[in-house]
Amino acid sequence: MLLGYCYKLRPNHHQSEKIDEWINLLRATYNWSLRDRIDTYYQRYCCGQYCDLQTKAVITPLVCLIGGASGEPWRENGKKRSPVEIQITNLPSLKKARPWYKDIDSTVLQQNLKQLNTAFDNFFKGRGFPKFKNRSRFRSFTYSMGVKLKGNKIYLPKLGWMKFYNSRPIPDGFKIKSVTVRKKADGYYVSLRIEDKSIPAFPVKNLEEIQTITGLDMGLGKLVYCSDKSAIDNPKFATNKTAKRLQKIRQRRVSRKNKYSKNKQKAQQRLSRFQHKIAVKREAYQWQTAKKIVDKSDSIAVEDLQISNMIKRCKPKYDEKTGRFLKNGQSAKRALNRLIADASWYSLTQKIEYMAAKSGKIVLRVNPRCTSQQCSVCHHIDPANREGEKFLCMNCGHIDDANFQASLNIKNKAINQYQLNIKNRTSSKKKCGDKVGRDLPEPKQLTLFETPTNELTLDKRKHHYARMSKRSEPGNLLRQLDLFDQENNPRNSATL
Ligand SMILES: [Zn+2]
């Protein structure tokens with residue numbers, strides 16, 4: 001079993017300076033190696049037969065295009081090294097030319113190059129081309145061996161023993177596989193990958209074993225709507241009123257300081273600490289939410305959303321005659337985009353998947369098409385079924401909350417798609433028999449229309465007025481009158 005544990009480090013002044021220095025040096029080698037690989041790509045691409053010249057080996061151009069030029073490409077037995085291995089063979093000469101690299105642990109230097117290689121691997125799989133990293137993009141390095149733990153101290157090779165906040169103990173039998181030191185806005189963190197080979201990887205249930213299932217619909221009013229009619233609040237950590245205001249102030253303070261000044265740096269640090277705090281809160285809340293959801297049932301059905309498409313900007317509109325820009329509705333969409341980004345559904349589903357895997361449960365993904373327009377009773381699909389939060393089926397007159405309707409649809413979709421045999425398949429099937437006319441809706445179902453949110457807003461309004469009235473008057477008027485009105489005041493009469 002492979003697990004990840006993260007702790008906050010407590011380096012002394014000397015050590016933190018060293019970490020900063022290492023990150024800078026490693027960034028330089030990373031960028032240099034990236035340039036190296038790009039250059040060789042062009043060289044070989046132009047010459048065509050770079051490999052042929054040296055070994056006469058038959059290599060298809062697609063495989064061999066991108067490799068490291070500096071370093072020794074050939075092994076002693078005449079076989080070809082991979083691009084990372086070539087660049088690793090170059091490390092001793094790097095240390096010779098630039099002796100300050102000798103201070104850095106050798107596994108860290110190697111891992112740095114391997115990271116670049118994974119970036120290229122990802123590129124070959126169809127993701128973006130590796131980027132050159134600036135200071136804000138490159139903030140970590142990785143050890144692959146030599147790290148020791150003892151109580152609340154950790155030994156990092158060439159950095160020495162360092163204290164850390166031992167927030168949770170590592171389970172017995174687990175061994176450290178790799179260690180990453182990361183710089184964040186409020187200090188340094190270390191994340192350990194630990195492994196115990198005797199424990200098998202997460203047990204996974206077969207689809208036939210599934211007894212219960214919960215459908216989840218991600219939303220903004222509430223974060224998650226479950227098909228068992230429960231919902232989880234959306235705290236909106238970055239988009240609530242106070243956070244937005246503070247963010248704006250901090251941002252403004254940064255932008256008004258002189259460029260390259262110490263004060264600007266300080267303001268920037270304050271801003272990023274604030275953003276870091278929000279991120280930490282969100283992370284913690286998502287873990288709790290994921291735990292709650294996973295505990296509900298054997299399997300969880302979620303929509304397979306493309307969130308990056310949802311938060312795209314609107315396309316610009318032009319006036320063809322004058323060439324001017326017209327309003328395209330982006331200003332209205334921006335707020336929505338920010339809300340979606342703040343809710344971060346993707347990382348929540350990732351956490352749900354991790355928690356589910358840990359407790360031997362399954363997460364099923366479902367195509368999100370028409371989940372909010374379909375009636376869960378008669379399966380009638382019509383965009384007119386939904387009107388904001390309300391759902392009213394145009395075919396059978398079924399009334400429900402639109403979000404819960406969507407979660408039910410997701411659940412049913414998962415059952416059909418994965419051929420699950422759930423025993424109590426949605427109680428709504430029973431209701432299908434007695435149709436409800438549009439003019440004569442059943443009183444029981446009508447109450448669903450009066451969503452509790454209505455009452456809540458009333459309550460909130462009352463609360464608001466109460467607070468406002470208190471503020472407008474000095475002190476509490478009723479209580480003041482009370483003191484003078486001695487006849488009616490039991491407290492005063494008692495003391496007298
Ligand atoms: Zn219907």
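Every residue, even glycine, has its Cβ placed from backbone N, Cα and C.
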Would you mind telling me which of 229-256, 257-284, 453-480 TrEMBL tags as coiled coil?
257-284
Looking only at the domain 'Cas12f1-like TNB' (345-410), report the model's average pLDDT.
87
Under an 8 Å Cβ to Cβ limit, what residues of the same chain, 6 or more beyond the ends of the coiled coil (257-284), are close to it?
184-186, 235, 237-238, 243, 246-247, 250-251, 342, 344
